[in-house]
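The annotation disulfide bond is assigned in Swiss-Prot to Cys28-Cys116, Cys50-Cys108, Cys152-Cys207, Cys258-Cys326 on the grounds of experimental evidence. Annotated domain 'Ig-like C2-type 1' per Swiss-Prot: 18-124, in sequence order. Annotation comment: Swiss-Prot describes 134-223 as domain 'Ig-like C2-type 2'. Annotated N-linked glycosylation site per Swiss-Prot: Asn66, Asn72, Asn112, Asn219, Asn277, in sequence order. The transmembrane segment annotation in Swiss-Prot covers 344-369, and the record cites sequence analysis as its basis.
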Amino acid sequence: MLRLYVLVMGVSAFTLQPAAHTGAARSCRFRGRHYKREFRLEGEPVALRCPQVPYWLWASVSPRINLTWHKNDSARTVPGEEETRMWAQDGALWLLPALQEDSGTYVCTTRNASYCDKMSIELRVFENTDAFLPFISYPQILTLSTSGVLVCPDLSEFTRDKTDVKIQWYKDSLLLDKDNEKFLSVRGTTHLLVHDVALEDAGYYRCVLTFAHEGQQYNITRSIELRIKKKKEETIPVIISPLKTISASLGSRLTIPCKVFLGTGTPLTTMLWWTANDTHIESAYPGGRVTEGPRQEYSENNENYIEVPLIFDPVTREDLHMDFKCVVHNTLSFQTLRTTVKEASSTFSWGIVLAPLSLAFLVLGGIWMHRRCKHRTGKADGLTVLWPHHQDFQSYPK
């Protein structure tokens, strides 16, 4: 919607306004540099599209605006009157053929009676040698062991309204012939189909379109750097937690993790969530007392895990009657693991309270036993004074 609004406002800006506002056109608003830079080869055709005016918009706004081009902030417009390699057509600046000296910043200015803005676009023209491949190549990525498509980019200015597009494809300067079972150039398109992508398919590709102008043939070349990425393999996920029953005290805060083992599988395509009585947590607890925590993805010993916690803040009696499920799903499997919340036994809390009392009784009992033993020992010492007399009397008969 935002893009549509901007386009509508852009079209309305080109509508002629009353002459009373013509002073506004004297100051041009600079809208910045276009995000895309044009990297082209010397000796080939180049078409720079005015960034403010897409091709499909040109037909409707061209009668209402004046479009001019300047180079490197020069006051002189391009192309000049005597320039034969450059011309402006349908909102684009054409250079044929382009030379290295054409490199620079080109500013497109659109103006009517009440509105004026300008925007710049960068052009770099390189010598046509392999040394500049890293600078002029478009990176494209295909997945290993699959079939994919390479696209010859930025040819719309030269292929518009044409149904007989013929493109020749090269890999490392070798022409890919029609009988090649590995590579197939899709007729009438800018696509190259690559069957069963292998690691050795990586490298530089060139697509060449022949363009005719005033009876002369020109080549338009685009270079592509193909990068191969390994296919992300999926495995059957295994839920390793939570436990079947979780004990918690009413009024306490509780976190139950749902941990899933993926092995070497990718977590990107694995979904993990919680339910309560087969209902999503957000619906079962609209007040937000029980929520899902943030998803975590991590590795342990080069094996992948994902985890989503269920958070109670706090636990209430309502939770004791809920059937909670951890649910995991990917293209290979759908699994669930149930858990319930049980009120923690009160025995443990009474034990905590009674433990200090028991210890106190033991201490007091020990003190009492110590004093009693000491008292008995004192009595025993008094008796031993008499024992020698009794022993002498009994041991020696007359």
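Backbone N, Cα and C atoms are what each Cβ position is placed from, and that goes for glycine too.
Worth saying up front: this structure is predicted, and the values here are computed from it rather than measured.
Projection of Swiss-Prot feature records onto the structure.
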residue: Cys28; record: disulfide bond; CB count, 10 Å: 15
residue: Cys50; record: disulfide bond; CB count, 10 Å: 25
residue: Asn66; record: N-linked glycosylation site; CB count, 10 Å: 12
residue: Asn72; record: N-linked glycosylation site; CB count, 10 Å: 12
residue: Cys108; record: disulfide bond; CB count, 10 Å: 25
residue: Cys116; record: disulfide bond; CB count, 10 Å: 18
residue: Cys152; record: disulfide bond; CB count, 10 Å: 26
residue: Cys207; record: disulfide bond; CB count, 10 Å: 24
residue: Asn277; record: N-linked glycosylation site; CB count, 10 Å: 11
residue: Cys326; record: disulfide bond; CB count, 10 Å: 24
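Neighbours of Cys258 (disulfide bond), defined as other CB atoms within 10 A of its CB across all chains, total 26.
Closest to Asn219 (N-linked glycosylation site) in space, going by CA atoms and restricting to the recorded positions Cys50, Asn66, Cys258, is Cys50.
The shortest Cα-Cα distance between Asn277 (N-linked glycosylation site) and any of the disulfide-bonded residues Cys152, Cys207, Cys258 is the one to Cys258.
Rounded to a whole number, the distance between the Cα atoms of Asn112 (N-linked glycosylation site) and Cys28 (disulfide bond) is 11 Å. Around the Cβ of Asn219 (N-linked glycosylation site), 16 further Cβ atoms fall within 10 Å across all displayed protein chains. Reported as a whole number, the C-alpha separation between Cys207 (disulfide bond) and Cys50 (disulfide bond) equals 25 Å.
Straight-line distance linking the Cα atoms of Asn66 (N-linked glycosylation site) and Asn112 (N-linked glycosylation site), rounded to a whole number, equals 6 Å. Here the candidates are the recorded positions Cys50, Asn72, Cys152, Cys326, and by Cα distance the one nearest Cys116 (disulfide bond) turns out to be Cys50. Mean pLDDT, taken over the domain 'Ig-like C2-type 2' (134-223), works out to 90 on the 0 to 100 scale.
Ranking the recorded positions Cys50, Asn72, Cys152, Cys258 by Cα distance from Asn112 (N-linked glycosylation site) puts Cys50 first. With helix defined as DSSP H, G or I and strand as E or B, the domain 'Ig-like C2-type 1' (18-124) counts 21 helix, 46 strand, 40 coil.
Across the range of the domain 'Ig-like C2-type 2' (134-223), the DSSP-based residue counts are 10 helix, 44 strand, 36 coil. Asn277 (N-linked glycosylation site) falls within neither a helix nor a strand when secondary structure is assigned with DSSP, and so counts as coil.
For Asn112 (N-linked glycosylation site), other Cβ atoms within 10 Å of its Cβ number 17.
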